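Student: Checked TrEMBL, it gives:
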- Asp204: active site, proton donor (ACT_SITE)
- His4, Glu179, Met180, Glu181, Ser203, Asp204: purine D-ribonucleoside binding site (BINDING)
- Gly20, Arg24, Arg43, Arg87, Ile88, Gly89, Ser90: phosphate binding site (BINDING)
- 16-224: domain 'Nucleoside phosphorylase' (DOMAIN)
- Arg217: site 'Important for catalytic activity' (SITE)
Amino acid sequence: MTVHIGAEPGSIAETVLMPGDPLRAKWAAETFLDDPVCVNQVRGMLGFTGTWKGNRVTIHGSGMGMPSLSIYANELIRDFGAKTLVRIGSCGAMQDHVKLRDVIIAMTASSYSTPSASFFRDLSYAPCADWSLLRAAAAAAEAKGSTTHVGGIYSADVFYDERPDLDEQMTRHGVLAVEMEAAELYTVAARLGARALAVLTVSDHLRTHEALPSSDRERSFGEMVEIALEAAFS
Ligand code: ADE
């Protein structure tokens, strides 16, 4: 047990899927895993371990934002031996050719800061995905027929950003989408010797101001769970 994860030793799998929302973790575990068991509920941050096609997997919430994700990623890797962590979540599109419901596989994640920023002093470290996971996720998404984009995303510190020029610069530089966790996941995983990837679906569009209705979010979320599982065990 750790400060934030009340799981028994050995009850977390080496492969962990991390949605932001703990209730999504519950839904995904009950929908996709065989014999899911709740292994954590400290502070309402739910984690479940079960099997998928005979492979042991944990689905554990990360909470919103990099400071929250950082706590869980650190404890999952350091204390519970997680070796593969795949974030599954939503993002806001920053390019005209990216549409609602498209799948984004994040090759890199830019940020202003992460909880790890002080490790690098003045260096602008480039958090990047694990190549084997990235390649497998892209293949799985294509096989499903999902419209998929592989490239750079931006991990923001705030959801309600009042700097319109920032979004414009991200768009100019080809950033596909914004979310709030991947840069720290990639950085912590690199530091602690684990593999990491973020598979996202577009839930809103910063340029057109469209947003997915909540009924569509569940279907898109299910697609991401399947892509993440196929990538992790390919
Ligand atoms: N996650 C989903 N949409 C987002 C947005 N517009 N900004 C930050 N994180 C997001």
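Placement of Cβ uses the backbone N, Cα and C atoms for every residue, glycine included.
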Student: Looking only at DSSP and grouping its letters into three states, which state does Glu181 (purine D-ribonucleoside binding site) belong to?
Tutor: coil
Student: Out of Gly20, Ile88, Gly89, Glu181, Arg217, which recorded positions have CB atoms lying under 6 Å from ligand 1?
Tutor: none
Student: For the phosphate binding residues given in the record (Gly20, Arg24, Arg43, Arg87, Ile88, Gly89, Ser90), what is the largest pairwise C-alpha separation in angstrom?
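Tutor: Greatest Cα separation within the listed binding residues comes to 22 Å.
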Student: Whole-number answer please: how many Å between the C-alpha atoms of Ile88 (phosphate binding site) and Glu179 (purine D-ribonucleoside binding site)?
Tutor: 11
Student: Once the chains shown are all counted, how many other Cβ atoms turn up within 10 Å of the Cβ of Arg24 (phosphate binding site)?
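Tutor: Other Cβ atoms within 10 Å of Arg24 (phosphate binding site): 23.
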Student: Give me the CA-CA distance between Arg217 (site 'Important for catalytic activity') and Ser90 (phosphate binding site), in Å, as a whole number.
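Tutor: Answer for this pair: 9 Å between alpha carbons.
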Student: Specify the count of other C-beta atoms within 10 Å of the C-beta of His4 (purine D-ribonucleoside binding site).
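Tutor: So the Cβ neighbour count for His4 (purine D-ribonucleoside binding site) comes to 17.
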Student: If you measure from the C-alpha of Glu179 (purine D-ribonucleoside binding site), which of the binding-site residues Arg24, Arg43, Arg87, Gly89, Ser90 fall inside 10 Å?
Tutor: Gly89, Ser90
Student: What three-state secondary structure does DSSP assign to Gly20 (phosphate binding site)?
Tutor: coil
Student: Can you tell me which of the binding-site residues Gly20, Arg24, Arg43 is spatially closest to His4 (purine D-ribonucleoside binding site)? Compare CA atoms only.
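Tutor: Checking each of Gly20, Arg24, Arg43 against His4 (purine D-ribonucleoside binding site), the shortest Cα distance is to Arg43.
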Student: Could you tell me which of these recorded positions, Arg87, Arg217, has the greatest number of Cβ atoms within 10 Å of its own Cβ?
Tutor: Arg87
